[in-house]
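Scroll down for the structure; my scribbles are underneath it.
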Amino acid sequence: MAETTTKDDKPLFGRPWIFIRGVPSMKFLPPEGPAEIAFAGRSNVGKSSLINALVGHKGLARTSNTPGRTQELNYFVPDGYSGEADDLPPMALVDMPGYGYAQAPKEQVDAWTKLVFDYLRGRSTLKRVYVLIDARHGIKKNDEEVLALLDKAAVSYQIVLTKTDKIKAAGVPRLIAETLDKIKKRPAAYPEVLSTSSEKGAGIEDLRITIEQAVAR
């Protein structure tokens, strides 16, 4: 008799993914249960593009050249799951609002900031946060503030360098070494820095592997 394959048996990144909801405040969060992997970073660092590259669906997470476009916690899950309590997925990816965007109204920025900080501090199913850093700029003050928050909340995080195709290839190892040096004393930082290019596909498979490992823990 042939074995029956269920939707739970498929590889996490070997299937289509869908958007299930945008969360403007904590009360709209989906039921806790599946492992959650979140992506944080400055506005226009490339979070949406990276998520699209991860799942192999260019139009899944909306991308924009306008900083501050993502204003909610956007949830993505493997296709075939609703994300409701009776149909929980094996994992969810969470695209968080970008920080450090000075052009938005202060009230709006404050609301985004509170949402992100409340989520990071209070979500028990959050397995890891990937903090995206633009390879052209390195770690900035806003990034350091977020890393400090994650350290304080004891939320595991890993640095991902984005847009590495925009700098000289010889500069990538040096940037990785400099970044590792900056985070070596941070208690919640995962001691490995990933380098990626959503446009070229570089480092995407390595990122998938680390996500699967984080979810399995």
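Cβ atoms here come from the backbone N, Cα and C positions, even for glycine.
In Swiss-Prot this protein carries:
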DOMAIN    33-217  domain 'EngB-type G'
BINDING   41-48, 68-72, 95-98, 162-165, 196-198  GTP binding site
BINDING   Ser48, Thr70  Mg(2+) binding site
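Annotated features, which come from Swiss-Prot, shown on the structure.
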residue: Gly41; record: GTP binding site; Cβ contacts under 8 Å, 6 or more apart: Lys47, Gly98, Tyr99, Val131, Leu132, Ile133, Asp134, Asp143, Thr162
residue: Glu72; record: GTP binding site; Cβ contacts under 8 Å, 6 or more apart: Gly22, Val23, Pro24, Pro97, Leu115
residue: Lys163; record: GTP binding site; Cβ contacts under 8 Å, 6 or more apart: Val45, Gly46, Asp134, Ala135, Arg136, Ser197, Ser198, Glu199
residue: Thr196; record: GTP binding site; Cβ contacts under 8 Å, 6 or more apart: Leu50, Ala53, Val160, Leu161, Thr162, Thr164, Ala202, Gly203, Ile204, Asp206, Leu207
On the 0 to 100 pLDDT scale, where does the domain 'EngB-type G' (33-217) sit on average?
90
Which residue, out of the binding-site residues Asn44, Ser48, shows the minimum number of other Cβ atoms inside 10 Å of its Cβ in this structure?
Asn44
Assigned element (helix, strand, coil) containing Gly41 (GTP binding site), judged by DSSP:
strand
For Lys47 (GTP binding site), what is the tally of other C-beta atoms lying within 10 angstroms of its C-beta?
28
According to DSSP, does Lys163 (GTP binding site) fall in a helix, a strand, or coil?
coil
Neighbour tally for Pro97 (GTP binding site), based on other Cβ positions within 10 Å of its Cβ:
26
